[in-house]
Each structure stands twice: as structure tokens, then as C-alpha cells.
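What Swiss-Prot records for this protein:
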BINDING   Cys353  heme binding site
CARBOHYD  Asn319  N-linked glycosylation site
CARBOHYD  Asn372  N-linked glycosylation site
TRANSMEM  10-30  transmembrane segment
Amino acid sequence: MLSIIHVGWLELVWFVALYPFACWTLFAVLKSVYRITLHPLAKFPGPKLAGASYCYEFWYEIVCGIQYTQKIIKLHEQYGPIVRINPDELHFNDIDFVDVVYTAGARKRDKSRHYLAGFEGSIIRFVSSDFHSFLIDTRVKKPERLKRVVLGAERHHDAKDCPMFLELLNSNLPAQEKSKQRLMYEANGATLAGSGSTAIALSNIVYNLVANPRIGHKLRSELMRKVSASKNLPTWSTLEELPYLTAVIHEGLRSMYDPSKERLPYDPSQERLPRVATEEELIYEGGSALGKSKYVIPRGYAISTSAHVVHSDESIFPNASQFDPERWLDRDGQRNKELERHLLSFSKGSRHCLGMHCRRATCLAIPASARNGTSGYQFTSGQLEYKVQERQ
């Protein structure tokens, strides 16, 4: 009798322990089947595993170490200009479609909630474009402060420093909006937005100027020829008129990554920037080496691209793995404005990089400031070894 009761309790324990797991497994399987058969994005090309689960992206991004961007490039070579890269997101690789996805004006584009999952508590997490419009309208309808600024009543402020976090702490925001965690989220967003990308771009530019003496000498000749020998740094407008310097900067921004490396340094240009069209379907008509294609992207689903994918496209940038500033110049040696529209280092549309002008100015200023400082040195590529190390 006791043995029967004992066996019954064991069966009950196993049932209670395994039943939830069995239900979850069945649900996951059915959900995966739905995603690759009846889901609105099921008709788009791409690996079935990527469409069925986020585990596919997790493997390349976490286990392999930030390698999904490189994998996406290979997926485009296999499947064409539009690829399904996870259950709820498409990725495109067509420069002519960029202005449709990353648009400005009345055509609304919201951020993907999946992309914003890592920005909990930050102002970056505000998704809706309607919310931004509301804020702008509210500020415009309050002209009192604008009047005081125009009349000079609020002009006596220190312009050398803008302590954002001190302003937040001293504001009238609710206490929960001024918590330590909230400030940490805001600091994280501000740090990731610009510091690493500028440093990586400048490191790439300086390395290639030293590793390629011909490019370095040509740039120095232009600077010595068109910029005065004064110790003062020329103005930004003067530097932007130098075609070869601008070409070097553009090439440095484009080629921040070496595809031959197994691990790539972090930079926002590697990230996908998903956009969601909330009020319209997006129609894609284009082609690739695999032939012409036409797709209708349903509204409410994310579609993205990344600067690294576009900048590695051999059809736009032949020999993309090489550092070649001449690609940005036309036959007359002037800036190639048509090619410049393919530079996506600062994204495009209504939510492009707010610090793009500061970043460009920094990238122009550093090489120009060294125009008189390298005349006593000669370098060859054999003397250099460029490595990226992660700081703990």
C-alpha cells in the first residue's frame, strides 16, 4: 500500500515538474511554425531559423561575438537585397531604398521596440514620432521664454559647460525621473552615441595615413599648398574646401572595419537602426546579381540597414576592403557628390546623428593639425601592426 502511494507521489511530482516545460515547449514549437508559415514576414527570403527564433541572431551576436553584421552581408549575397534576419525584422541592402525607410517630414517612422529593449529608462526609448511632434508644438506655443532669450534676459549663462545631469537633478521632474538608475541610462546613451565612433574613425584615418606613405604625402602636400603655414588651425569651412582631405575623412568613416578580422570593435555604425512605418506599406522595387525583385513591406514591422553593410558593398565601393581616398574624387580631382550620398556613417532621415557636424569637424581638424608635424619621419606598412584591444 505504501509503495503504491509512494509511486503515485513520484508520478505527481514528475507531472507537476514536466507539465509546464512540456506546455512551454509545445508553445515555442507552434510559435516557430507560425512565424515561418503564416507570419506577415514569412514570404520574405532568409534562413528559416532566423525567421523562426531570435536564437539565430543570438548565436552570431553573443556566442560568436558581434558577428551578425558580417553574417548579414553573406545573407544578402545568398538571398538578395531584402532578407528576413529575425522573426520581426527585415534588412535591406539597396542605397536607393535608404531615403524611403529613413525619411523625414510627414512620413512617420517609429523606432523598433525590439531595438529599444536595451534602453529601458532612457529618453532614447520614446518610440512614437507623435510624441516628438507634441513636444515641439508645446514648446512653440510657449513664446514667453523665447521672448526673454531674444531680449537678452537669459543670455548670461556660461557657454563653456553644459552640465546635463546637474540640470536634470535641479529640474522640476518627478523624483523617479531623477533617480540614479535614470541618470545611468542617459549617460550610457550619450556615451555610446559618439565617443567610440569618433575615436575609431580617427584611429583608422591616422593608421592608414602612416601605413600608406603615398596617401600621407599627398594629403600633406594639399595642406601645405592650400593652407597657410600659420600655427593656428584653419577654419572648418576652409578645411571642407580641401577635396583630398575630405576624401580621406570620408574613406576613414567608410572603412572603419577590417572584414578579415574575426572580431570587430564596437561602434554605432555596425548597429542596425530599425524603423517602423506605422501608417503605410513600403514598396520595394529593385534588383541585384540574383535578379529583379519587388516586395511589399507591411506596416508595423521593422526594416533596417547598417552603415557597415552598405559601405562593404562592392557594387558601390569596388575593392571595399582597401583604403582608397581617390574613390571619393571625380575626374577633375574634386569631391564626388554622387558617391557622398552613399555615406551612412551618420544615418539619414529625421533621426540622424545629432553630433554629425561636431564629429566631422573633429575628423577634419586632427589630420590638418599634424600638417607640419610628420616631415621628419618616414614609415612603411611593414613597420606597423594594427590591433584592436578591448579594455576591461
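Every residue, even glycine, has its Cβ placed from backbone N, Cα and C.
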> So which residues does the transmembrane segment (10-30) touch in its own chain, when a touch means Cβ under 8 Å and the partner is 6 or more beyond its ends?
Replying inline: none
>> Which one is it: of the recorded positions Asn319, Cys353, which Cβ has the fewest other Cβ atoms within 10 Å in this structure?
In response: Asn319
